[in-house]
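Structure record follows, encoded as C-alpha cells.
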C-alpha cells in the first residue's frame, strides 16, 4: 500500500465525472477568431458582435428574417434534383445530392417563398450555400422561375439573396442553361414594371453572378462579400499579377459602380421595406419592432 493510500481513507474518495459540453454550443468567428456562443450568434443574425463579420446564413433563416411571421408559403418544394447524366467524378452525383440533403435538410440549393414584408406582399428566394456550394442546377432554376411567375401572378416585387459558387458542374449544360432561363424570366418582371431586388452575399460567384444576381433593379451587397465571376486566386494565376487589396469585395465594387448599396444584415429588412414601398408607390412602412432589434452593435461601428 502506498503512502497516499494510507493517508486517505478510500471510503471518502468520490469519483468525479468529467462534464461534457455538447457539440455546436460554441463557434469561432472566421474573421477575428473570437469564440462565440452559438445561440447568441443566431440571435445576432450570424453577425459577429465583436468585429461585425457577416457569417454565412442558411436560406430559411434569411427568409424568416425577411418575411412577416406567419405569412411564409413555400414555393416549388416538390421539385427534387435528378441525376439525368449519371454523372460521376470522385463520387457519384446522386450520392453527393443525398449527402447534401442529409446535411442541410433541403432538397436543393434554393428556397423560395411568398409572404409579406411589413404588410407588403412580396416573393423572396434565397440560396443555400451549404448545399453543394449553393450551385445553380435544374431545380434551382425551376424554383427561381416559379418565384418569378408567382410575383407576376401576385403583381408584387421579388427579392433574391444570392450565395453561390456558380453553375453545378455535375449537371453540365443543364446547369448552364439556367443562366438564360432565369434571365429570360426576369425580363418578364421588367416588362411588367415589377421591382426585382438582388441581395449579394458572401460569396456570389460564377454563373449566378453572371445572370440573376446582377440583374436587379437595385443590387445590394452585404459588407465584405466576395462577388465576381472567377475567384481572385484564379485571376492572379491567369494574369500573373497581384490584385489590389479588397478586389471583388463589396466595398471595391461599390467604389467602381458595380453595385448600388452596401447594407448591414441587422438593417436589411427595414431597408428593403423602405425601398420597395417607394418602388411600388405604397405608403412608407412605419418602423415597427424588427426581428433584428436585439442584434448587438459592434464596437466603434454604426449601421450602414
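Note: Cβ is positioned from N, Cα and C throughout, glycine not excepted.
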Given ranges 6-28, 29-51, the stretch to which Swiss-Prot attaches the annotation zinc finger: 29-51
List of residues, in chain order, with Cβ under 8 A from that of residue 32 (Zn(2+) binding site) and at least 6 apart: 48, 50, 51, 53
Sorted by sequence, non-29, 32, 48, 51 residues with Cβ within 8 Å of centre, Zn(2+): 30, 31, 33, 34, 36, 49, 50, 52, 53
Cβ-Cβ neighbours of residue 29 (Zn(2+) binding site) (radius 10 Å): 18
Which listed residue (48, 51) has most other Cβ within 10 Å, given these are binding-site residues: 48
